[in-house]
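Worksheet for the structure shown next.
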């Protein structure tokens, strides 16, 4: 090799082919799916509420496009529920799985499509997390972190639908975006301490997505959170993970903290809320502007304390102490800090989280 360098290992990037963001455009879903290969039959994975709110427009659009469809309800994202939907999609002899809804529907469709080897299309109805455009899914009762499935072939967003979702979901999405600041710094640590692959472009894209929230927080506080800005940032973050070939640019110590809380206090807080709270504490450990992160989260209406999401001080301390052990191969600031009970308690206190 020139300069005596060892050859770099192969790196595969699976990216969305087509992304459409509009407003009042849910009735155009049929032509969108047709442009992705013209499936004759599609499986629509959703929830009852979302089906009731969007079903008529979607079905009319599919009918006009000559596409047959079947609806399947997403469960609780446990392996059994996903397997049940997967078998239903298999029975459809479907050419595409379409996830319509929040995290559960999108993740279920993503995993079913991956297992069956068919294309997956993401149709988010809430901007609560960056999984809408990434290849990763979170499965309850499986691994204590996200696992790789398949990137969406297409992403279709109706901002009008996103706007009708509870404001809490949008604030959660902002928390998931701010977390990228922690994740990228942890990725740099992995590169420097362990010789881990580091993709500068993917890292920059993830950081840009986080900065969108940080730089617009004051405006969002005055005028309300701009749904389109957050949606575009979440999609960019998902694409950053696609480019990296791993969740590294968007998942670091703050996500391990969130996954630890999933085990300690199931059902407490949304994913992005826990990642946002974790980001405040991890930023303090990393020497980043943790006060700025806390201020930005407050500006968008996201929680910044344990009490706001129904957790107590002991929950946080336990999560901080056990988080790194959930994924020991992923080097983060938690491994460097050596999180003892005393240090965890001090961190929660100093940052005002608990």
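Note: Cβ is positioned from N, Cα and C throughout, glycine not excepted.
According to DSSP, residue 107 (NAD(+) binding site) is assigned to a helical segment. Sequence annotations record features per position, and here Swiss-Prot assigns NAD(+) binding site to 103, 104, 105, 106, 107, 125, 126, 127, 128, 134 based on sequence analysis.
Swiss-Prot lists 130, 176, 259 with the feature substrate binding site, giving sequence analysis as the kind of evidence. Secondary structure at residue 176 (substrate binding site), as computed by DSSP, is helix.
The Zn(2+) binding site annotation in Swiss-Prot covers 176, 255, 271, and the record cites sequence analysis as its basis. There are 34 other CB atoms within 10 A of the CB of residue 176 (substrate binding site), with all protein chains counted.
Cβ proximity to the substrate site centre (mean Cβ of 130, 176, 259, cutoff 8 Å) flags the following additional same-chain residues: 129, 131, 146, 179, 250, 251, 255, 258, 271, 272, 275. Fewest other C-beta atoms within 10 angstroms, among the binding-site residues 255, 259, are seen around 259. Of all the binding-site residues given, namely 107, 130, the one with the smallest number of surrounding CB atoms inside 10 A is 107. For residue 128 (NAD(+) binding site), the same-chain residues that are 6 or more apart in sequence and have a Cβ closer than 8 Å to its Cβ are 102, 103, 165, 169, 170, 172, 173, 176, 270, 271, 272. All protein chains considered, the CB of residue 126 (NAD(+) binding site) has 25 other CB atoms within 10 Å.
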